[in-house]
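K.L.:
Take this structure first; my questions come after.
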Amino acid sequence: MDNPASNMTKHTLPYQRQFVYTSWILTTSWPCILVFGLFANVTNIVIFLKAGVKDNVTTLLLSLSVSDLIFLCLQSPRVSSLIIWHYASDWQCPFSRTFVDSLFYWPAYTFYAFSSYISVCLGVTRCACVAMPLQFKSVFTKSRTVRAVLALFALAFSLHVPMMSMFRIAWSAESQSNESFPYVIRQSSDSIIRINDMLNRTSLPWINFIIMIACVAIIKLKLYQSSLVRRSHTSTSASNPKQGHEAVNEQEISPKDLRVIQSVVLICCIFIVSQLPFLIYSTARLIYPEFDVFKKLQNLFYISTTISQTFSYLNASVNIFVYYNYNNDDDDDDDDDDDDDDDDDDDDDDDDCNEDTSF
């Protein structure tokens, strides 16, 4: 029986030139993205630990930074090997070239899936904060958030164990040098691969994607409704200033809380954009058999995976900009917030949702 890989080399596959250009442009940016992402997530973790993990949002953001850091660390050997083999193709590697890819791929994307679940949890908590502020603090406590994070990690790990169990390390002897080098053997199991494609690469990512879009839509809707209420009471204050001022204070969202909500919405939007390439190519691979490795549209598949991996690296690296912008704006208004907190005792009740929102 002919080897599919050898058959593919007998003729030029479609999108060959596009694949070469895309691969060269995007893969050369990977080392810079990973180095920046490692630095950014270490910085985030240090800042969160120094500030203290006091609430559910900080717990989720710290967990997200740790998960992103581990994901980038596990991807670093693969990216490093690609760069080395590109610029030093004659280098005598002490292990198989596929060894690094196979060994670190599934552990890395286990943590990427964990980061996705944390991002969804973060979006749900902020959505609940806006939709039901009075019940928020009693439902979303720090202890429950910690248990939820542990449960999400257990879920991500258990869902990827079948794929990781398919690989084992073996040794091969080099006839010329009489040396042995390690390589990874994959035990073929079509049923496990099929289930993984349907569950981890299609169904669950789409569910996360839809939940995040729904959370962003609900938050935007609630903020829009709040702005309409403030506008209506602003017009009322023209005829009755005291009544209008009291009504606006009841409906008004503090600048600090508004910035938190906007920052979380931005994190959700980053997640949505970064997941879109993966969702498109994973769904297409499941529906159209020719869109896969060793098939007619192999090069187009490689283009899609390269774009998806680039977005995943960016997703794990750029959250520091969101945190910086929030904290920078928050420092400018600390004095104003302190004055507002002293107005009356009712403000403490209104801030039940706000207490858990400092990054």
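Quick reminder: no glycine exception, Cβ is built from N, Cα and C everywhere.
What TrEMBL records for 20-49, 108-136, 148-171, 206-223, 264-288, 300-324 is transmembrane segment. According to TrEMBL, the feature domain 'G-protein coupled receptors family 1 profile' maps to 40-323. Residues or ranges marked as region 'Disordered' in TrEMBL: 328-359.
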K.L.:
Under 8 Å, at least three CB pairs between the transmembrane segment (20-49) and the transmembrane segment (300-324) (pairs 6 or more apart)?
P.N.:
yes
K.L.:
Residues sitting near the transmembrane segment (108-136): Cβ under 8 Å, six or more positions beyond its termini, same chain?
P.N.:
56-57, 60-61, 63-64, 67-68, 70-71, 74-75, 78, 145, 148-149, 152-153, 155-157, 159-160, 164, 200, 204-205, 208, 211-212, 214-216, 218-219, 222-223, 260-261, 264-265, 267-268, 271, 275, 312, 315-316, 350, 352-353, 356-357
K.L.:
Counting Cβ pairs closer than 8 Å, which of 148-171, 206-223, 264-288 has the most of them with the transmembrane segment (300-324)?
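P.N.:
It is 264-288 that shares the most Cβ pairs under 8 Å with the transmembrane segment (300-324).
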